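Everything on this sheet refers to the single structure shown next.
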Amino acid sequence: MEKKSLAALSFLLLLVLFVAQEIVVTEANTCEHLADTYRGVCFTNASCDDHCKNKAHLISGTCHDWKCFCTQNC
């Protein structure tokens, strides 16, 4: 009985490691670039994020050095 539970535990551990490895491999590369259509000083990440998602149709946006940068898949 002890061998069966050890085998089941080993199988579950290998399954978890395999799934975790697959998640890392399938992650997309992203690139960040200056939002050329954003106007004004970037004060809040929310306004930049809204612009990048809704106007530029990209993944997200954040403010860096008072400028809006959009994130997209490379």
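Quick reminder: no glycine exception, Cβ is built from N, Cα and C everywhere.
For C74 (disulfide bond), the number of other Cβ atoms no farther than 10 Å from its own Cβ, over all displayed protein chains, is 8. The disulfide bond annotation in Swiss-Prot covers C31-C74 (among others), and the record cites similarity to another entry as its basis.
The disulfide bond annotation in Swiss-Prot covers C42-C63 (among others). Within the same chain, the residues at least 6 positions away from C42 (disulfide bond) whose Cβ sits under 8 Å from its Cβ are C48, C63, H64, W66, K67, C68, listed in sequence order.
Marked as disulfide bond by Swiss-Prot: C48-C68 (among others).
In the three-state DSSP scheme, C70 (disulfide bond) falls into the strand class. The disulfide bond annotation in Swiss-Prot covers C52-C70 (among others).
Annotated signal peptide per Swiss-Prot: 1-28, in sequence order.
Sequence-distant neighbours of C52 (disulfide bond) (same chain, six or more apart, CB under 8 Å from its CB) are A35, Y38, L58, I59, S60, G61, C68, C70, T71, listed in sequence order.
Within 10 Å of the C-beta of C70 (disulfide bond) there are 25 other C-beta atoms, taking all protein chains into account.
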